[in-house]
Amino acid sequence: MRHRLLRRAMPLPPPTPPAPRTPGIAGGRLFSSLPPPPPPLQSRREVHVWYLLPDELNDASQLKMYMDLLSPSERKNALSMNTEKLQKDTDCKVDPGSFEFKKNKFGKPEILWQSDDNKMEWPLHFNISHTSSLIACGITMDNLIGIDIEEKKRKTAKNILSLARRYFTPSEVDYLAQIPDPDAQQKEFIKLWTLKEAYVKALGRGFSGAPFNKFSIEMEAKNGIRISVAPKVFKDSDSTCDCLSENWQFALAELNSSHYMAVCVGDDSRSSESGNGRLPLGLKVWKTVPFLEDTLVSGTEALTRIV
């Protein structure tokens, strides 16, 4: 993720060797007032999301605390940014709990488990998304996840239908073309884009590894959100399409009254022995100021579930 860890109103410190990492300590300082931990994830079908508003992080000592959490390479990358905005927008993948991270060949960050961690029964999966004004991180246990956030009022340089014809499938273009109101049409376009982004990120591929025009998003009142992959895709000579599948489940919501948020996780409920169809996806969302405050916003005006 490109975290917004900006040094605002403070000079850039020169690179220094990192202090020894000790649980609860960053840069040699003890976190004396950590918020209580959230309840643990209960199943593979539950998603926890934390989001923050970078513009609210203005305290210099607080920002320095975040900077101290970076590894030397991440710190160097952050300090190389030319503006305050970009420095707050750097790739931060270091956790004070001594997590280590890697990227797959498509660039998706993943937790690097040590050899003695293989005994873990419920490994963590996470994904991160950001805009200039909001950052969100989704977490699951033992289940792949993709998350994307987009500004509701995001402007497009080209006509909506022109963009849709370039990136979307014919059925999605037809769906948008049937919406006469331009504002409503743009909102539906952004929702589709957000859902598609979440899907390809859950696959671990990204846009280049799973082109948007190779699969359709179907939003139905009865069945919710589904992926539709045309059978001919699997016969395509393009091997990048081989990864596409339909066993995924989505949540779509309005977040902080300013963004659309889509979450995509693996779904095996349709093949379960119960035969009762798709199980509901549990979604809990917190607004956070890292290490200082976590506020549960599920059930409040800050989170409006669409599907």
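Every residue, even glycine, has its Cβ placed from backbone N, Cα and C.
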Stated TrEMBL location of region 'Disordered', expressed as one of 1-40, 201-240: 1-40
DSSP residue counts for the domain '4'-phosphopantetheinyl transferase' (145-240), split into helix, strand and coil: 47 helix, 17 strand, 32 coil
